Amino acid sequence: MLKALFGDPNTRKLKKFQPYVAEVNLYEEDIEKLSDDELKYKTVEFREALDKARSDAETEEILDEILPEAFAVVREAGKRVLGMRHFDVQLLGGIILHKGQIAEMKTGEGKTLVATLPSYLNGLTGKGVHVVTVNDYLARRDAEWMGQIHRFLGLTVGLVQSGMNPEERKKNYACDITYTTNSELGFDYLRDNMSTAMIEVVQRPFNFCIIDEVDSILIDEARTPLIISGQVERPTEKYLQASDIAAQLEPEIHYEVDEKQRNVLMTDEGFEKAEQLLQTTDLFDKNDPWAHYIFNAIKAKELFLKDVNYIVRNGEVVIVDEFTGRIMVGRRWSDGLHQAIEAKERVEIQKESQTLATITYQNFFLLYPKLSGMTGTAKTEETELEKVYNLQVTITPTNRPSSRQDWPDVVYKNEEAKWKAVALECEELHQQGRPILVGTTSVEKSEVISRLLQSSGIHHNLLNARPENVERESEIVAQAGRKGAVTIATNMAGRGTDIILGGNSDYMARLKVREYLMPKIVRPEDDELGAGVTGWVSGREKPQGFGNQNGKKKVKTWQVSPDIYPTTISQETEDLLKKAVKFAVDQYGLQSLTELEAEDKLAIASEKGPTDDPVILKLREVYNQIRREYEVLTSAEHKEVVELGGLHVIGTERHESRRVDNQLRGRAGRQGDPGSTRFFLSLEDNLLRIFGGDRVAGLMNMFRVEEDMPIESKMLTGSLEGAQKKVETYYYDIRKQVFEYDEVMNNQRKAIYAERRRVLEGLDLKEQVLVYAEKTMDEIVDAYVNPELPPEEWDVENMLDKAKQFVYLLEDLTVEDLGDMTVWEMKTFFHEEVRKAYDLKETQVDKVRPGLMREAERYFILQQIDNLWREHLQSMEALRESIGLRGYGQKDPLIEYKQEGYEMFLEMMIDIRRNVVYSLFQFQPQQQPQAV
């Protein structure tokens, strides 16, 4: 009704941006006529215009003015370097991103190319643009591939990957445009705020950020805080004992499992049984606490399942990301939970960790003055994106209309029947020759369907978090659209390679060149990391994915399965390929490049960009020849697959979020291709079991049907949608709560990090310490002297003793020196005395080495900030866990948390001040003996 009256708000937004697109198109003809050098010179002209800006607002105005011409320049560079021209809808996407909004673009509409437009425009300011993807592979691919446009136009392009040392990170963050992942960005921010000298800081002030798969990072990952932790010793035998006890406790009798809240509650019988087994009287005994260990052991037993939430690899428990299905090497669950799972699996129990620094993605990305993002599916979460991040969602139209068919869901009574039906559908469509993609929600489920297909003799590829499959991810996806291909994938969200019907000839040709080239020119991995990296990793907290986890070097191989290629290359082409590789070795040297450098060369060779490197030109020639040979078959196969109906996507369980279901569906029917999707469900699926409630169970009894008979009913589909909406609302509330509580921490974090940065930059630390000292003296006076009482009742003697404890250089002061001063006069007197004492202290310290006092000031302030902030984080965590109980006393827990958290923060700031003053006055440096 409202739409009819006011028109669709999305259409209104697009209408507002349309004039920009028209202007870009007007520029196109003139810009086509420019030579390469003239095109590159446009960057210089744009920068000169931006140099005139005197404020951020003026900069934005100039960016809007030059936008049409700048976009036309990028479009032309794209044609020349990559052979790709931005469609009008891609220009629209670029404008939406530049305006700090979220562009919703369907799969296959070229999101990666869209990002080049706003990143070039905003990169012109020189303040840095961060393009964020969900994993290292995609960041590297985009930096190598799309980065060619920016490099051609004269902008610098950086790439930050796990495993890089601080110098490399700093250099890459200093570039105009930096490609990286959300976790690298977040951990670098936290590490920068733990560094002890400006030279260690790797990031610049934040400016503009474009997030690819924005919903995955800002919504799915929002509940996960980024944590850098140090190790604490805890007795491992307690974890093992707790695990044995949990194994003897029974659900419903000794404890209840709340799957919705992912929590366990022990019953009175449970407490009695555990105490009896432990031969103790109180699980909460302060001197020998057991409750925490037992709770974690039960959680590990009931809520964390092997091959679903984690896998065991090389004797280690490795987390599986529930949203992407990828393994998260180096990440650990906190609060002793990871140790409880290690005890359950009987692998080596690693040390427990203590939080040193933490931030949630929600608050991290809000640090950017301008934020934008791209995704295929954001409309379902529009309210949250607008409320939390102040980001509007604008849907861009597709370049070609979609011709995908979404068939209705079929529901079976139990899982076994569902899996059989999935296998049967695969068999039928496979016989027709249609490519099929089966999406599963866990490693375990993907292996169930894999076994069923094996027993039917259907050849298929498996893509899940198991390491042997991860390595081949891009190869598997590149051929998932070939005739008769069957691919099983765990949580397909965010898999960066498109499924092209008939197979991806460009990618296959690149794989073939890589097979021959890489073993000859890439340096073996042992030489890859210099001592600098290792030293840094051990000196600072180890971020995820650093180094090899079990010390054994895996020999890298570039061989791929011969089945991947549509045909074997001709002898003539193979000879040409061998010659090109030999030429590369002659020019670069045998095994002389890092893998990143080699991938970079190959990326340029696989495109059309201008280059003077004779090796790249030779490789490009052979790459194009291989591609042409493959294309003969892939284009014929493309036609065949289109006639058969395109890719068929099978979903095997509704995800907690409709958005992830839509992402899976979006794999079929890209760029106007035909395709179809269907979901196979069972009443035993998690979503229905946990959130469907009694309604679904009632429906199940109504349908007195055979096990293998599918149920199709509008009522049931309605219940499913309802369950999903319930889950989405439930998780939205959790994220909102995380956000509200973390907002309290965020304000404190900003204050403490700003203070830390001021100290790091060393802006007049002496004056800062003197202010600390004066405030400390004021607090001592206020503690012992009450101005409302007569002077004879003032405790002047103890006040003096306390002042001397802090500043021993005041030891000559006596009660008589204070005479009959007023409170204000006493404070002024102490201010003067403490300044004199500090000058005296400085003279003593600087005798040992000139300038030592300045170093000591920085060292002690940073040391106190870090130590007390670390303790404060633990206290705030404890407060947060206990504050929920206030709700029972008719008090709002959030308001109580804000109030108490603020008081604790003020106390911490006072402690920092006092400890710094005390430490500096107690500091007694030793004179270094002179070398003879």
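The backbone N, Cα and C atoms fix where each Cβ goes, and this holds for glycine too.
Pulled from Swiss-Prot, these are the features on record:
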BINDING   Q90, G108, E109, G110, K111, T112, D498  ATP binding site
Local backbone state of E109 (ATP binding site), from DSSP in three classes: coil
Where D498 (ATP binding site) sits in the secondary structure, as DSSP reduces it to three classes: coil
Those binding-site residues listed as E109, D498, and which of them has the most Cβ atoms within 10 Å of its own Cβ: E109
Cβ atoms near G110 (ATP binding site) (within 10 Å, other residues, all chains): 17
For the binding-site residues Q90, T112, the one whose C-beta sees the most other C-beta atoms within 10 angstroms: Q90
Residues near K111 (ATP binding site) in space but at least six apart in sequence (CB under 8 A): G93, A103, M105, D212, M374, G376
